[in-house]
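Summarising the annotation, TrEMBL assigns disulfide bond to C152-C194. Positions annotated as domain 'Lipid-binding serum glycoprotein N-terminal' by TrEMBL: 27-252. Residues annotated as domain 'Lipid-binding serum glycoprotein C-terminal' in TrEMBL: 267-471. The signal peptide annotation in TrEMBL covers 1-19.
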Amino acid sequence: MQQVCLLTVVSLFVTSAQCKTPGLQTRITDRALEYATEVALDILSKQVTGQQIPDQHGQSGDVKFDITGMNVKQFTKLSSRVSLIQNVGLSWSTSGTGLAIHGDFKYKYRKGIIKISDHGSFDLKANGINFQIKIEIGMDGTGRPTMKAVGCSCNVGSADIKFHGGAAWIYNLFSGQLENKLKDMVGGGNGLLCKQLNTLIDVNGMKSLQKLPVTVQIAKRFLLDYRFLSKPSFQTKFMETYHKGEVYWNAVPVDAPFAAPPLLKSSDTSRMMYIWLSDYVFNTMSYNALKYNQLQYNVTNKDLPSGVLNTTCPQSTCIGKIIKAIGTKFPNTTVMLYMKSTSMPNMTVQNGSTVVDAAGDIVFFAQQPGGKYTYFLTLSATMSATISLMIQNEKVFAKVLKLPISVTVKDSKIPVSPEGLNFIVKGIVSVFVEPKLNELGAAGFPLPVINSVHFTNTQLTVAKDTLLIATDLKYSG
């Protein structure tokens with residue numbers, strides 16, 4: 001069974017007054033809910049059409065009748081609306097809906113010595129159907145959202161029945177009772193439509209919620225936590241959610257020793273959905289990457305253009321020619337660079353730009369016969385990378401725009417000239433570091449949305465400590 005778009009969209013957004021600053025915040029507006037109900041009614045129409053209705057038996061005066069083989073042939077929708085109920089959830093109502101039912105009948109008429117029996121088929125049209133249902137949205141003990149249907153009511157304005165076959169004068173003896181029976185079966189709190197709506201919310205809706213990625217593994221080592229901090233909050237024009245938005249070391253999920261900064265304030269409701277993404281998300285990942293020794297790498301010739309780390313070469317582009325002391329002291333071998341961060345890389349988002357500041361050491365070793373390495377140089381490096389961000393396929397992607405790197409000699413067993421340092425920065429570090437950063441940025445950072453909901457007409461704003469994504473939504477079913 002397809003999921004109702006209303007439930008899918010609602011399943012993304014749950015919150016209340018939070019006790020700590022979130023790393024991610026969302027807002028869904030009444031525009032999104034209006035769109036969602038239109039899609040929801042289309043899907044509900046497909047689900048109701050073809051539904052089988054239990055057989056009915058009855059007696060009206062001298063006529064006994066049996067109604068069998070009933071099914072819904074048509075479900076038409078007219079108007080629908082969703083309103084937000086503070087501290088509760090949503091109220092969804094429709095008016096002017098229509099339903100067409102086809103079935104078979106047989107009857108027995110007996111009065112005195114007169115006995116008549118016959119059979120045929122009928123078509124019922126129920127018009128002016130109005131229903132209203134409330135959807136309570138909450139949060140379970142694991143930080144996942146919950147939803148529950150409560151207080152469904154449905155009434156049928158009129159029901160007109162046409163019989164095919166049999167004696168026309170007998171229809172008048174039981175048609176009124178039959179119409180009332182079918183109206184009661186369609187309407188009421190336990191009728192066909194309310195049962196279907198309760199199933200959609202309590203069963204299908206909860207299945208949609210289970211597909212919401214509240215935790216996402218990154219590179220098999222990190223755990224991105226999008227769980228909710230608290231229960232729902234609903235305003236007149238929108239509903240909002242506050243998510244933890246923290247990245248843990250997967251094996252040891254412990255909170256980082258710093259809090260998320262306040263997010264950008266905004267009262268805009270012109271788009272369907274808004275996502276505030278704090279730089280706290282990146283920085284908690286950075287913190288754990290440093291803590292668990294993920295920000296270190298051995299760079300060898302396999303990582304760079306062929307021969308760059310050779311100490312002896314016919315051309316003038318290897319490290320042994322540029323820094324002649326290396327070629328003299330360690331001829332006919334290769335150099336390995338051990339790169340490690342010495343402090344946590346920090347993302348700063350402000351004034352339309354995103355900058356990642358990082359510092360680390362570059363330690364040089366020369367390979368010796370037998371596979372041993374001899375240490376000879378340590379450089380301190382700092383960089384301040386300016387990053388371009390974009391939103392595509394419900395992910396945040398990044399690309400390096402500028403990568404200024406400066407290095408100084410921290411410890412050395414050989415003389416190193418300024419030209420040698422420049423070569424290391426431009427010919428080695430930039431060639432390796434920038435592609436690695438772009439590789440990470442191209443993998444994308446997943447946002448907490450279900451696969452069937454897609455962004456359209458999306459705008460990204462970069463403000464203090466915040467990436468604000470404003471977007472409309474499209475449901476692909």
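Cβ coordinates come from backbone N, Cα and C, glycine included.
Note that TrEMBL annotation is computational and uncurated.
Taken as a whole, the domain 'Lipid-binding serum glycoprotein N-terminal' (27-252) shows an average pLDDT of 85 in this prediction.
Within the same chain, the residues at least 6 positions away from C194 (disulfide bond) whose Cβ sits under 8 Å from its Cβ are F131, I133, C152, S153, C154, G188, listed in sequence order. Of all Cβ atoms in the protein chains displayed, 21 besides its own lie within 10 Å of the Cβ of C152 (disulfide bond).
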